[in-house]
């Protein structure tokens with residue numbers, strides 16, 4: 001208790017804890033299948049219309065360019081020397097991004113709930129799509145603030161930091177479902193109201209603690225591993241609970257006790273922050289607090305504004321003024337082109353479009369899978385409780401992919417010197433296999449296939465932002481990687497509406513426009529498996545183009561940071 005009283009709230013470890021807690025309620029989009037039947041029934045939608053609404057969820061969740069622009073504005077000094085401008089900048093920070101996200105999130109979910117319960121007249125489909133867009137778009141502001149702040153706080157282990165943040169988002173779906181099944185089981189309309197309140201109040205309470213800190217501690221990997229261990233324990237606990245719920249009918253009191261234990265586990269990251277400040281080794285290194293350290297002029301930012309990009313025939317890109325790769329060991333080279341790129345410069349590169357195509361194939365097909373799990377399970381004879389369990393388990397696999405890809409790619413980059421894009425190649429190829437397993441329609445194939453698709457889908461959320469920060473630079477990372485994610489709703493629209501929804505409605509017949517049997521989704525998943533394989537081949541091209549850069553620049557920079 002004495003340590004808790006002495007806890008400094010303006011450190012990057014407390015910032016990490018606050019970000020983790022915000023991420024724990026930021027994955028409501030992955031629970032769409034919980035309330036989608038209520039939307040379909042009360043609004044009288046067919047499957048194609050419901051998939052259209054879900055696509056607007058994906059559009060909102062993956063068009064975070066505005067959040068990236070707002071983050072850049074709120075966390076930079078704009079090179080201003082005017083006292084009033086400097087005071088204004090000191091008042092701004094990641095909290096502004098979180099505030100805007102909370103407002104959008106509440107508005108979207110509350111209006112959807114009001115439509116479902118009849119509080120407002122049944123809106124036209126475009127208006128319902130707008131409600132969904134608002135709710136989902138708010139999540140991008142949470143994600144941008146937490147992920148980019150973590151990368152800037154832990155530049156040496158950015159993959160691990162992103163994996164932790166993205167991992168807890170992956171777990172949040174299962175966490176929210178535990179709350180739903182404890183208090184609102186079989187009441188999806190109440191769940192919509194829960195999302196409107198919980199997913200907005202949580203960021204509003206914690207946004208003041210999310211800060212950028214320019215500190216550098218030699219033992220940061222040890223403490224990041226502690227956060228990673230907690231995430232793994234929470235994931236294992238959730239998996240055990242989900243399996244027990246699938247086997248036994250747990251009474252209400254037991255559900256409440258399991259939820260209390262889950263909340264205690266989620267509170268444990270605070271202990272890591274307390275322990276860091278209480279150790280003698282950190283007492284000296286943590287003397288630099290998270291005061292507005294990021295307001296200092298950054299020479300790389302000024303350099304990036306003046307740079308002119310040119311492409312070297314061998315695949316490595318650099319400025320005419322930059323030394324050849326391998327001739328300098330300091331951190332002057334901050335991206336594949338020598339300096340940090342802004343969004344317009346990044347769009348003009350082939351690497352940007354390769355990443356976008358790979359994400360459209362991989363994430364788009366993954367979103368189409370999770371959005372239709374209820375309908376897939378129904379066509380194969382699964383009960384509603386079994387499909388809820390599948391969605392919860394998807395959150396676990398999603399977490400393992402997000403966390404594992406960040407941690408494993410960091411390990412192999414530091415120890416084995418494997419370029420990070422190689423892991424994108426591997427995971428997208430594995431995802432195509434998962435789609436083919438689901439397409440087979442064999443007993444248990446939906447469980448096995450969803451494991452593989454969920455893990456590989458989640459891994460893209462850790463790999464893509466980290467790769468983007470490495471090859472384009474970190475200063476405008478939030479804007480660039482959020483723009484790349486626009487490819488996800490494009491892929492989701494193609495696969496969900498033009499492939500899955502179209503084929504399902506063509507095969508459906510009888511009352512309620514329902515389809516039963518393996519033929520309902522078999523062709524759809526064969527198509528998505530082929531597309532994901534194409535995404536893997538595109539990622540392999542990115543690996544070949546950046547291999548030299550990773551070997552001669554990124555590895556040298558990491559070694560230099562560790563020595564410091």
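The backbone N, Cα and C atoms fix where each Cβ goes, and this holds for glycine too.
A quick note: this is a predicted structure, and the numbers were derived from the prediction, not measured.
Sequence annotations record features per position, and here TrEMBL assigns domain 'Nodulin-like' to 12-74 (among others). Looking only at the domain 'Nodulin-like' (12-74), the predicted model's pLDDT averages out at 87.
Marked as domain 'Nodulin-like' by TrEMBL: 91-274 (among others).
Sequence annotations record features per position, and here TrEMBL assigns domain 'NFD4 C-terminal' to 349-550.
TrEMBL lists 91-113 (among others) with the feature transmembrane segment.
Same-chain residues lying 6+ beyond the ends of the transmembrane segment (125-145) with a Cβ under 8 Å from its Cβ atoms: 19, 22-23, 26-29, 39, 43, 45, 49, 52-54, 56-64, 66-68, 70-71, 94-95, 97-98, 100-109, 111-112, 115, 165, 169, 195, 199-200, 203, 207, 210, 478, 482. Per TrEMBL, the feature transmembrane segment maps to 125-145 (among others).
The annotation transmembrane segment is assigned in TrEMBL to 157-179 (among others).
Residues 9-10, 12, 14-15, 17-19, 21-22, 24-26, 28, 31, 34-35, 38, 75, 93-95, 98-99, 101-103, 105-106, 108-110, 112-113, 116, 135, 138-139, 142, 145-146, 149, 152-153, 176, 179-180, 184, 290, 293-294 of the same chain lie 6 or more positions beyond the ends of the transmembrane segment (191-212) yet place their CB under 8 Å from a CB of it. TrEMBL lists 191-212 (among others) with the feature transmembrane segment.
The transmembrane segment annotation in TrEMBL covers 224-244 (among others).
According to TrEMBL, the feature transmembrane segment maps to 250-274 (among others). Proximity of distant same-chain residues to the transmembrane segment (250-274), defined by a Cβ-Cβ separation under 8 Å and at least 6 residues beyond the stretch ends, is recorded for 3-4, 7, 11, 13-14, 16-17, 20-21, 24, 175, 178-179, 181-182, 223, 226-227, 230, 233-234, 237-238, 241, 244.
Residues of the same chain lying 6 or more positions beyond the ends of the transmembrane segment (352-370) and with a Cβ under 8 Å from any Cβ of it are 30, 32-33, 58, 62, 346, 376, 391, 394, 424, 427-428, 431, 435, 438, 450, 453-454, 456-457, 460-461, 464, 467-468, 472, 480, 484-496, 499-500, 524, 528-529, 531-532, 534-536, 538-539, 541-542, 545. The transmembrane segment annotation in TrEMBL covers 352-370 (among others).
Taking Cβ pairs closer than 8 Å, the transmembrane segment (390-409) reaches residues 27, 30-31, 33-34, 159-164, 166-175, 177-178, 228, 231-232, 235, 238-239, 242, 370, 373-374, 377, 382, 418, 420, 423, 427, 446-447, 450-451, 453-463, 466 in its own chain, all 6 or more past its ends. Among the features that TrEMBL reports, transmembrane segment is placed at 390-409 (among others).
The transmembrane segment feature in TrEMBL is assigned to 421-439 (among others). Sequence-distant contacts of the transmembrane segment (421-439) (same chain, at least 6 residues past either end, Cβ-Cβ under 8 Å): 358, 361-362, 365-366, 369, 376, 401, 405, 408-409, 412, 445-446, 448-453, 455-457, 459-460, 463-464, 467, 521-526, 528-530, 532-533, 535-536, 539-540, 542-543, 546, 550.
Only residues 6 or more beyond the boundaries of the transmembrane segment (445-468), in the same chain, are considered here, and those with a CB under 8 A from a CB of the stretch are 147, 151, 158-159, 162-163, 166-167, 169-170, 355, 358-359, 362-363, 365-367, 369-370, 373, 376-377, 380, 382, 390, 393-394, 396-406, 409, 420-421, 423-424, 427-428, 430-431, 433-439, 477, 480-481, 484-485, 525, 542. Positions annotated as transmembrane segment by TrEMBL: 445-468 (among others).
The transmembrane segment annotation in TrEMBL covers 480-501 (among others). Tertiary neighbourhood of the transmembrane segment (480-501): same-chain residues 47-48, 50-52, 54-55, 58-65, 67-68, 140, 144, 341, 343, 346-347, 352, 355-357, 359-365, 367-368, 371-372, 464-465, 468-469, 472, 521, 524, 527-528, 531, selected by CB-CB distance under 8 Å and a gap of 6+ residues from either end.
Same-chain residues lying 6 or more positions outside the transmembrane segment (521-544) and placing a CB less than 8 Å from one of its CB atoms are 315, 351, 354-355, 357-362, 364-365, 368-369, 372, 376, 379, 419, 421-422, 424-426, 428-429, 431-436, 438-441, 449, 467, 491, 495, 499-500, 503-504. Residues or ranges marked as transmembrane segment by TrEMBL: 521-544 (among others).
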Over the span of the domain 'Nodulin-like' (12-74), count residues by DSSP class, listing helix, strand and coil in order.
53 helix, 0 strand, 10 coil
By a Cβ-Cβ criterion of under 8 Å, what residues six or more beyond either terminus of the transmembrane segment (91-113) are in contact with it?
22, 28, 39, 60, 67, 70-71, 73-75, 119-120, 128, 131-142, 144-146, 148-149, 189, 192-193, 195-197, 199-201, 203-204, 206-208, 210-212, 292
